[in-house]
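Engineer: Here it is, the structure, as C-alpha cells.
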Amino acid sequence: SLLFCASVLTISIGQTEVIYPSLETLASGMKRMKFRAFDQDMELNLEPAGDVISDNFTMIYGEGRTQVIDVESLKKRLFRDQEKGSALYISEKGLTEIEGVINSKLRIEPYETREVAKNEFKAHQIITTFPEDEHFSDAMINFNMEKSYSERNATNVNIDECVEIEYLFLAENNFAAKFLDSEKLQIYLATVFVQVQTLMDTLNLNIKLRLIGTVIYKDNPPFFQGSLIPGQDVLNAGNIMKNMSNFLCKNEENELMKRADLVMLITTNPIGYSSPSGMLYIIGVSYLGGACDPCKKCALIKDDGRAFSSAYLIAHESAHLIGSPHDGAGPIFSLPGSPTAVECPPFAGFIMGNTFGVTASMFSKCSQENIKYFLGTNEASCITNCNSTTL
C-alpha cells in the first residue's frame, strides 16, 4: 500500500544589491573571493568542486539527440566554500562572471549594466532568497510497509565505506525553457548539485554524489500523460510518481537510466494531491527507500529558480530515497526495522523537519541513523559498491 507523509516548511524572497567582487587564485588552486553587500564584508574560501560532475557526463534531448558538452571546462569552473555553504560557477574567460549560491540566504549572478567593469569584473548582483511568509511542503510515499529489509551486517554501514550515488536529472520542458540556452541550464544544475553535495556532507557518512547526465524535454515527458489533473496544469503527485515509475521500468535498457541510482524530475508545474480537506500543494515527492530499485528510484521537485531552495529540495528528496523519513516520524512512515525518527522533533529546524531554522542546512541525527540503516541493507548495494562504477 502507498502511504503519503507530508512535511510543511518555511522558506523566502528578495532584495538585490549590485557589487563588484574581487577574486584571487591561490597556488593551491583555491580561490579567495571578497565583496561587500547589505552593509557586510564577506569573504569566501573556495575549493574546486567539479568532482560532483561525472567525467562522462551526458546531456541529451528527450528524442535521443546528444548535446556536446565540454565536461572538463564545466568541472574546472565549479567551486564551493563548504563552511559557508557556497556553490559557485566561475568563468574567467574575458571579464570574470560568477553565478550560484553564496549561502542559504544569498545568491549571486552577473548583472547587465552600462557601467565600466572594475578590476576585470563585470557587475554582479547579490539577491536575498529567504523571507518568512512563504510555506512549502513535500510528500513521501512509503511503499515498504509489507517489505522486510535484509541487513548485510550487524553494524550497518562503516563510516569509511565507499558510498557513491549517481544521479540523472530529467528537465521538464517548461523548466528547461526558463533558460536562455542549454549552457545556462547546465550551469544552474551544476551549481545546484554542488550545493546538494555540501548539504549531504552534513550526514558525515562519506557519501559522494555524481551527476551522470541530464535529459532535456522539449515537449511534455511521456509519463506526463495521465498525470495532470483534468483541466489544470497541476501534476497529481500519486499519478506522476506511478507513471514515472512505470516509465523507468519500461526504459531499463536505456544506458543512463539503468546506470543512475537516483532519477530526479525537475518541473515548474504545480504538484498536488487530494486530502480530506481538499487539494494540498507540495513541491517535492519521492519514494522512501527507493534508491537502487529500478522502478522506484525516482523523485519529483518543483523548481522556483532559486538555486539553494532547489538544492535543499533535491537533498531532502534524496534523503527519503536513501531511507530517511521526516524528523518526528514513527514506524508507519519509516522503513521496516529502521530506527525511525521519533527522537528528533520536527520543529528543531533540520533538513527533514518542518520548520526552517538555524540548522536548516544540516541533517539531524535521526536522518543519519536511518540512512546508515538503509546503507547497511542489501537493497542499497548499488550505492555502496563503488568498484562497479566509474567517475
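Positions of Cβ are set from backbone N, Cα and C atoms, glycine also.
Pulled these from TrEMBL:
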- GLU317: active site (ACT_SITE)
- HIS316, HIS320, HIS326: Zn(2+) binding site (BINDING)
- 163-387: domain 'Peptidase M12B' (DOMAIN)
Engineer: Tally every other Cβ atom lying within 10 Å of the Cβ atom of HIS320 (Zn(2+) binding site).
Structural biologist: 30
Engineer: Taking the Cβ of HIS326 (Zn(2+) binding site) as centre, how many other Cβ atoms lie within 10 Å?
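Structural biologist: The answer is 28 other Cβ atoms.
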Engineer: In Å, rounded, how far does the Cα of HIS326 (Zn(2+) binding site) sit from the Cα of GLU317 (active site)?
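Structural biologist: With the alpha carbons as reference points, the distance is 10 Å.
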Engineer: Between 0 and 100, where does the mean pLDDT of the domain 'Peptidase M12B' (163-387) sit?
Structural biologist: 93
Engineer: In sequence order, which same-chain residues at least six apart have a C-beta under 8 angstroms from GLU317 (active site)?
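Structural biologist: Non-local contacts for GLU317 (active site): ASP138, MET264, GLY284, VAL285, SER286, ALA299, LEU300, ILE301.
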